[in-house]
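Structure first, commentary second.
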Amino acid sequence: MAALAYNLGKREINHYFSVRSAKAMIHVNTFSRVADFLERNEAKNCLVDKHIAFIGDSRIRQLFYSFVKIINPQFKEEGNKHENIPFEDKIASVKVDFLWHPEVNGSMKQCIKVWTEDSVAKPHVIVAGAATWSIKIHNGSNEALSQYKMNITSIAPLLEKLAKTSDVYWVLQDPVYEDLLSENRKMITNEKIDAYNEAAVSILNSSTRNSKSNVKMFSVSKLIAQETIMESLDGLHLPESSRETSAMILMNVYCNKILKPVDGSCCQPRPPLTLIQKLAACFFTLSIIGYLIFYIIHRNAHRKNKPCTDLESGEEKKNIINPPVSPLEILLQSFCKLGLIMAYFYMCDRANLFMKENKFYTHSTFFIPIIYILVLGVFYNENTKETKVLNREQTDEWKGWMQLVILIYHISGASTFLPVYMHIRVLVAAYLFQTGYGHFSYFWIKGDFGIHRVCQVLFRLNFLVVVLCIVMDRPYQFYYFVPLVTVWFMVIYVTLALWPQIIQKKANGNCFWHFGLLLKLAFLLLCICFLAYSQVVFHGMLFAFIYLALQKRQILSEGKGEPLFSNKVSNFLLFISVVSFLTYSIWASSCKNKAECNELHPSVSVVQILAFILIRNIPGYARSVYSSFFAWFGRISLELFICQYHIWLAADTRGILVLIPGNPMLNIIVSTFIFVCVAHEISQITNDLAQIIIPKDNSSLLKRLACIAAFFCGLLILSSIQDKSRH
């Protein structure tokens, strides 16, 4: 249901439905048939113990038949068409009725009025609509339209009363294909239908004086008909494929707010703000107000201290040195900017303000952007500050181009193409490899196991995710990569910090300590294998240990322009690396399914990572340059990965955000520019806040940690209260 809902619509559907979603929906009949079984099961689950009533003319009867066929495809369209038609699925306890009332008149009013009585069981969903019979019987006269307005005015309060406890939809009339109409229907023109629709919308929307009408206008069928009515057999009734789409949307309109699918936003009402979200909004609002007050006071003080000219000497007095920016100002400024950014996040992916569109994978949508960024990356290159293996510029570059490839992979929907999917999995493994390599190298060389270092890393990794969990009402595990690297960082830290603490300085004096560290790593490997976790992080740690040991013994040639090994060894390793790359690509292309590929992935991915490192570092000229373009993105790769969930993609990564409808290229350019700027700004904010919130002084840091612990305890209490209120 959720997948179908999302793939059918490009815009959030509340009371009205967009033209673009309707036009897109008519082309997904193949998908709807593929998803038929899932649709049927979820429809039954949604409609258990429910009663749905369709009341109206032959067009409403069409919608009724298509709706019922979602529940039971074997249901046949037979019997007297001009009478009531019941349907009941006793197993699922679902009841759907069609009530024949082709005109909005006293008969329809009486039927609806019965439901408003307290003693009568009301349908959970009411779908009503009629007009063409009134046009036909009265030969399209103006008097008939006036009578229609009077009748619908008398019915409107009844529908509004029902809408307080039931879902009530008024179906706007579809256009007709006038060339195909029979002689006795020629008076039914699109001009007349528009007049009747305008009357219905005007009256039903104004039926309540002080609030918005609860009766929903179901116009999607009308919008679909604008594209497909020429395929009609009689010019009046929609072709079967189009009415099936209308019925599916109607089903999703009702069921999505009950099932609450996580992978679709079509047809769902905007979720109400939680208590935590309201408190977060208040906090950010106060931060913005506080910063503005601080800024105004500071500006006025600066004006008073502005240098002036000495009238007697004609010389300007000595400038007063501006005082350094206070931590309070940095704190307020950071939270002010973060509050505005979070408001943008919420508007993009929670407030139903912007459209969302589907991902449709083609080879060109993935490979053309890849080639484009590759050209840019090669064009913008600079010399590295040092020529060591995996120096800082090189690792930033590595993270940068991998992140860009992953972003293109996500927005193009390339996960459906198995060879690309398998290569992207290697990139994700490479991130974990870098986690093991980077943190091991730091602890091994620096020997800094202090709490300040741990808190700095944890804050840098988790700050944005914690804020998004609060603002976007998402669980921590939703941003899966951050919990993953956080856990592995703690594993690395605990492994190296536990007795005996073995670091490079200690090991240099006695080779025995190298064996001690290898025993530690071997024990970690056993734990990883026992718990069936990925070994890539371990491989990163082991590579760092071997590389640093070789570097210390000056076995490697890391001078500028020098190959890493002797010419013969370098050429041999380069050949093996290239062959392994090609072998992996051939294997990935030959995989039959993801399960088969994923089973072997942990064992073979490390070979590709090592092959890349050797190709990138063995030639001296390759080691001495780096792409500044990729490195820039690498320095904000974490923010890019997290921010894409809500302000570049949409519906929590399952669609694409549409800021500029109707122009996909311009939309991608604008949304990407904003997305990258926001990610860069959040990176700056995180770094600024880390300096303030995580002080170097241990006593101050412990106090801050106590406050942070109290904050999370309060957050957990509020979260549990929210969960209880929801259930």
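Placed from the backbone N, Cα and C atoms, the Cβ positions cover glycine too.
Feature transmembrane segment, per TrEMBL, maps to range 656-680 of the set 331-355, 656-680. Using a cut-off of 8 Å between Cβ atoms, the transmembrane segment (451-471) and the transmembrane segment (400-421) share fewer than three residue pairs, counting only pairs 6 or more apart in sequence. Distant neighbours of the transmembrane segment (630-650): 265, 344-345, 348-349, 354, 356, 377, 393, 395-404, 406-407, 410-411, 460-461, 464-465, 468, 472, 478-479, 481-482, 656-658, 671-672, 674-676, 678-680, 682-683, 686; these residues of the same chain sit at least 6 beyond its ends, with a Cβ under 8 Å from one of its Cβ atoms.
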